[in-house]
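See below for the structure under consideration.
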Amino acid sequence: MSVKNDVQGLRPLSEVDPEIAELIRLEERREADTLRLIASENYVSRAVLEATGSVLTNKYSEGYPHKRYYEGQQQIDVVEELARTRVAKLFGADHVNVQPYSGSPANLAVYLAFAQANDTIMGLGLPAGGHLTHGWSVSITGKYFKSVPYGVRESDHRIDLDQVRDLARAHRPKLIWCGTTAYPRTIDFAAFRSIADEVGAILAADIAHIAGLVAGGAHPSPVGIADVVTSTTHKTFRGPRGAMILCKKEHASAIDKAVFPGLQGGPHNHTTAAIAVAAKEASEDGFRAYAKQIVQNAQALGRALESRGFRLITGGTDNHLLLIDMTPKGIGGKPYAQALDRAGIVANYNSIPFDPRKPFDPSGLRIGTPAVTSRGMGVAEMERLAAWMDDVAQNVNDEARIARIAAEVAELCRGFPAPGIRV
Ligand code: DSN
């Protein structure tokens with residue numbers, strides 16, 4: 001059938017574009033048959049996928065509920081209000097904005113709300129486990145602001161709060177970020193609050209990695225402590241790719257104006273609906289147990305790896321992730337991550353604090369347990385995983401052995417179907 005004859009647009013993807021349909025099918029197969037250990041990834045439910053793939057993608061809605069620049073918002077206003085109220089209730093926040101397209105735009109909105117170009121800002125340096133948008137030099141946030149990064153201690157690789165305080169006193173930043181992407185320990189939000197108060201700074205907590213742990217009570221919450229909290233919605237929170245900003249009442253208007261019209265046009269309503277669904281799922285009974293299990297699995301995996309001679313940065317974890325220094329195993333993080341991928345164990349190479357190697361070929365591997373926990377795996381599976389990881393580390397160039405491990409991994413995966421995927 002030609003496009004002209006398909007005015008209703010009801011032909012399935014497999015007919016309209018078999019090439020893309022096949023790539024999606026293969027990706028479903030890959031996601032089902034491999035172990036997802038990337039600490040920032042997860043599997044969303046069928047319900048979240050359905051909302052994401054809905055007609056809400058057709059609608060423009062510049063503005064906020066009941067104050068829009070386009071008509072036809074009968075459903076969209078209710079969807080956005082549901083997303084905001086569910087997230088606000090879940091986290092105990094005064095005000096929520098669910099419109100940022102993703103984590104980086106959410107963080108840019110915080111800069112726009114609270115700082116001017118060339119103001120001084122502070123955040124954890126990228127090589128120490130921070131995020132690009134917390135002021136790292138190659139990011140716009142390191143170019144348009146005077147960034148004073150803080151780090152971790154050389155002795156134990158934990159955030160050096162004495163250094164944070166000294167730098168804040170010396171540089172009087174307008175904005176201090178706390179939040180991480182590769183840090184396995186609990187963040188002391190209260191300590192950051194006292195530093196921010198001492199120097200009159202706005203405190204922003206970026207909980208992108210740990211939002212699901214916070215919602216599920218497995219990590220302390222910064223809500224009510226930080227002035228503003230940003231997060232993506234697709235990591236431990238198990239929602240669509242998107243973001244949210246939670247803030248105190250007095251900052252609501254500044255944050256809303258910064259997101260729209262400051263940085264963005266129309267919100268992605270299909271994403272907003274999926275955030276509402278994810279917030280509903282995170283409010284249900286099982287989510288607290290899920291969050292707790294993520295941490296228990298990460299700790300069990302850490303212990304099992306350590307007993308096999310892996311060196312864990314900070315010696316373990318309090319959250320969902322492990323950062324491993326591969327130096328004692330005699331292999332770089334990148335070739336190891338590539339060998340693991342061939343074995344069906346998908347992770348990412350990562351710099352470690354004070355890494356003597358370059359970011360594109362670093363010493364470390366970052367892994368996390370949110371996705372394997374979503375499949376229902378527990379401590380017993382973490383021990384098997386550690387054994388495979390050790391086997392791969394010792395046999396990086398033995399392709400026959402790696403293929404055998406991939407088959408064993410796929411067999412385990414069949415017993416723990418990936419949520420949201422029908423294969
Ligand atoms: N890409 C995210 C992560 O993997 O942690 C951070 O933006």
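Cβ coordinates are placed from backbone N, Cα and C, and glycine is handled just like the others.
If you look up TrEMBL, you'll see 13-389 marked as domain 'Serine hydroxymethyltransferase-like'. Per TrEMBL, the feature (6S)-5,6,7,8-tetrahydrofolate binding site maps to Leu126, Gly130, His131, Leu132. According to TrEMBL, the feature site 'Plays an important role in substrate specificity' maps to His234. Under the heading N6-(pyridoxal phosphate)lysine, TrEMBL lists Lys235.
Location within the structure of each feature annotated in TrEMBL.
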| residue | record | Cβ neighbours (10 Å) |
| --- | --- | --- |
| Leu126 | (6S)-5,6,7,8-tetrahydrofolate binding site | 22 |
| Gly130 | (6S)-5,6,7,8-tetrahydrofolate binding site | 26 |
| His131 | (6S)-5,6,7,8-tetrahydrofolate binding site | 24 |
| Leu132 | (6S)-5,6,7,8-tetrahydrofolate binding site | 18 |
| His234 | site 'Plays an important role in substrate specificity' | 25 |
| Lys235 | N6-(pyridoxal phosphate)lysine | 27 |
Alpha-carbon spacing, His234 (site 'Plays an important role in substrate specificity') to Leu126 ((6S)-5,6,7,8-tetrahydrofolate binding site), which is rounded to whole Å: 21
Rounded distance in angstrom between the Cα atoms of Gly130 ((6S)-5,6,7,8-tetrahydrofolate binding site) and the residue listed as 'N6-(pyridoxal phosphate)lysine': 16
Assigned conformation of Leu132 ((6S)-5,6,7,8-tetrahydrofolate binding site) - DSSP reduced to three states: helix
His131 ((6S)-5,6,7,8-tetrahydrofolate binding site) and Lys235 (N6-(pyridoxal phosphate)lysine), Cα-Cα, nearest whole angstrom: 15
Remaining residues near the recorded (6S)-5,6,7,8-tetrahydrofolate site, that is with C-beta within 8 Å of the centroid of the site residues Leu126, Gly130, His131, Leu132: Gly123, Leu124, Gly125, Thr133, His134, Gly135, Trp136, Ser139, Thr181
For the domain 'Serine hydroxymethyltransferase-like' (13-389), the mean pLDDT of the predicted model: 98
